[in-house]
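Participant: Feature annotation from TrEMBL assigns domain 'Major facilitator superfamily (MFS) profile' to 6-406. Taken from TrEMBL, the feature transmembrane segment covers 12-32, 52-69, 76-92, 98-120, 132-151, 163-185, 217-237, 249-269, 281-302, 308-330, 342-361, 381-400.
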Amino acid sequence: MSRHFSSFLRVFGPFAAGYFLSYLFRVVNAVIAPDLIHDIGASSSQLGMLTATYFLTFAAFQLPLGILLDRFGPRRVEAMLLVVAAFGAFVFSRAETIWGLVCGRALIGFGVSACLMAAFKAYTMWFSRERWPLINGFQMAAGGLGALAATTPVEMILHYTDWRGLFAGLAALSLIISGLIVTLVPEKEIASVGDTDLRAQLGSVWEIFTNRDFLRIAPLATSSQATFLSIQGLWAGPWLTHVAGYDRAAVANILFLVALAMVGGFIVMGSLAARLARAGIKVATTAVVGMTLFMLFQLALVTNPDHFITLIWIGFGFFGTSGIISYAALNHSFPVHLAGRVSTAINLLVFVAAFGGQWFIGWLIDLLSPVGGQPAAPGFNWAFGLLLAAELLSLLWYLFGPVNKERVGSV
């Protein structure tokens, strides 16, 4: 094994494991939802609120996280936060009420809030700019493997234990990965280029949010990623159950295929963006084309298809990954020492929107379903359709909005 490849594994492996865990936590409720409804008595809106709490605490920490990553480095920050995630998983496993579950879920969201951004920051420190889209794609693929693990494998585990035992195991896994990051990832001196004063660092956050490149692509990236996270992380399972009429085993298998498509999407789209960038096609262009194709598969779901349901969901999973490419595109528009803050700035918007979207879907399903009855198709159609409408408006903003009159930077 070459020295360079060994160094790559020491940096990539532990951070990839962290994001595997983060994504497993994010989407596991899609499989255990029937158990939570049975044991806790949660309604659709409560289930949406519970699952979306992950996004809320995750988002709330993004801006301070960016400053911490740029100031103390990704190794220390992520290792410490994963200890909080472990505690949250333990609280979740012991909860007896919906609010106990919410508290545990909130701690989990806070604890894994660095798992993606810390990795992105580490890769900007260790690897050349030209490799960012590809390496970021592999990082996202690790998250896709976590989503895979949260489907059929979790369903199989539930034959031997319950959801409480599952989360106790996830608490232990969180501590193990925290230890791996501390022991395996090499320490690297943080570049002192740029601002070191806290006031200046906060000012740079404002600079990011008012940057023309950021303002142009952020609405589209936010709406696309938030829609994908909201649906894939929870409501894909209930849609397959209550709209398509599949049983629990079939739902888990289709979700497994969606997650597998997501892994492929992260790798293929990241590799394609890097290859096209070398040919002179902007990374943002690849991202926007992918996000537009993602909308077509959402449109197919809103029409209540009778055929090709599995293929539609596979396309949903594959092209739903496109929005993440815009993170690499935005980092090209800023100095490397701002990379942590740039990624967490867009991530803040994405996860706030995902929190609102996931809760909104549950609320609308309850509103448009029979009182005391099962969730009905109209609620899913309206909820999915309104999220799609937000994406279409964001696409129009990207193409024709006022910030597009002067094309600057790489976006």
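Cβ coordinates come from backbone N, Cα and C, glycine included.
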Participant: Pairs of Cβ atoms less than 8 Å apart decide it: which stretch in 12-32, 52-69, 132-151, 308-330 has the most with the transmembrane segment (76-92)?
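Facilitator: Checked against 12-32, 52-69, 132-151, 308-330; highest Cβ contact count belongs to 12-32.
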Participant: The transmembrane segment (163-185): which same-chain residues, six or more beyond its ends, come within Cβ distance under 8 Å?
Facilitator: 10-11, 13-15, 17-18, 21, 24-25, 28, 32, 35-36, 39, 75, 78-80, 82-83, 85-87, 89-90, 92-94, 104, 111, 122, 154, 157
Participant: Taking 52-69, 98-120, 217-237, 308-330 as candidates, which has the most Cβ pairs under 8 Å with the transmembrane segment (12-32)?
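Facilitator: Looking at each of 52-69, 98-120, 217-237, 308-330 in turn, the most contacts to the transmembrane segment (12-32) are made by 98-120.
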Participant: Could you pull the average pLDDT for the domain 'Major facilitator superfamily (MFS) profile' (6-406)?
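Facilitator: Averaged over the domain 'Major facilitator superfamily (MFS) profile' (6-406), per-residue pLDDT gives 87.
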Participant: Quick one: do the transmembrane segment (217-237) and the transmembrane segment (98-120) reach 3+ CB pairs under 8 Å, ignoring pairs fewer than 6 apart in sequence?
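Facilitator: Contact between the transmembrane segment (98-120) and the transmembrane segment (217-237): absent, because fewer than 3 Cβ pairs are under 8 Å.
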Participant: Which sequence-distant residues neighbour the transmembrane segment (308-330)? Criterion: at least 6 residues beyond either end, Cβ under 8 Å.
Facilitator: 120, 132-133, 136-137, 140, 144, 213-214, 217, 220-221, 224-225, 227-228, 231-232, 236, 240, 244, 254, 257-262, 264-266, 268-270, 273, 282-284, 286-287, 289-291, 293-294, 296-298, 300-301, 342-343, 346-347, 350, 410-411
